[in-house]
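Written below as structure tokens is the structure these notes are about.
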């Protein structure tokens, strides 16, 4: 069973009647075998459905319209087995509103040198059939992914899956609702943005709800459900026995359990897969949710602190994209620096870092929260797993959205942090702190980000390409002067476009 077993990619083979029924029968058989091979690959996370060989403009238009109207279809994979005159594709492609991947492969890997004849040549024409098809994609100015290689190669499977996961992310965004509890943190700029523009570009809705509505649901959670939740905490996390033996501490734990259950119930009732809150708007709640928010993120909900709905949405989308991959995804903030031979960033937030990124079993503790609401709040404490990761920021530039991605290397802290009462990750930005921070600032990247060790750079590149949004990357190849010029060039391109 595939990871995303409720969605499909439609495989459509291009040809024409010119070649006769015998060749078309071979085309159909070869397509069946390729699809079976791709579906048998553990590297491909979405089922691929055979939608046959299209040979006329009407057949092409029909399959494109059918794809548009099928909610389970996240995109098309198109392959030209033979020559398929590309004017036949104009009507279909101009009406297609799903993304497509152009698979540039052929059925056989090697040429049968001793047997090759013109029948073989006329059957296996993807080398020039795909070029004809490629022209019309370019002529129509359609963004698409082109995967080149033999269909049995593992790298081809991985390239296909990157695109599949990007298409899944686009689909997730089109069905996402973000719930806002309270407004943005006062006077903060980068967390603002045009919600109408975001819905047009990404598909997700951003809706505000009163804290009174939320607190009513939170307060309705029964003591029995709270106690059951506390039992779960005891099984899942390291903790001091005092959390349950001390009556005051247990009361705080019960408050947090009630917040988690109430928030989850409310979010599900309004169909929201992501949410925001802010420490400046907590009327009716006992405290800023800590453990509650961390656990909701671990369940797949997106989160953005201080009203940051763009990061909340992207956190959920990337959690969906990364399903089944090693590593986790979390809301994150660049918090403080460690300047030295290798400049490092200690990332954290006041409370809300997702335990899916933890290097070891998280520890549940209660500490004083000193920003906004001053009270004791339960939270999970851990360090992030070492290894390569990404920080991703989506910003609203007025005329467009920009995605900024920094490739980073997460490392184990050289010493314990006994007095730091929050979850955290320590990383070394690529290519180094000086260039990465300067590039991030020049690009306008937010102080919040989506941190992920599950989602890859190719997935995000495909995601940005499908949506037609700007993407800039900061990694080991970044040269600051060239990066600044790229930003200038992009500004001209998107304004003229």
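Quick reminder: no glycine exception, Cβ is built from N, Cα and C everywhere.
For the Mn(2+) site that Swiss-Prot gives as 333, 349, 448, the extra residue drawn from 306, 428, 465, 470 is 306. Over all protein chains present, the Cβ of residue 333 (Mn(2+) binding site) has 22 other Cβ atoms lying within 10 Å. In the three-state DSSP reading, residue 333 (Mn(2+) binding site) counts as strand. Around residue 448 (Mn(2+) binding site), taking its Cβ as the centre, 26 other Cβ atoms fall within 10 Å, counting all chains. Long-range Cβ proximity for residue 349 (Mn(2+) binding site), meaning a same-chain Cβ under 8 A and a gap of 6 or more residues, is found for 305, 331, 332, 333, 335, 422. In the three-state DSSP scheme, residue 448 (Mn(2+) binding site) is classed as strand.
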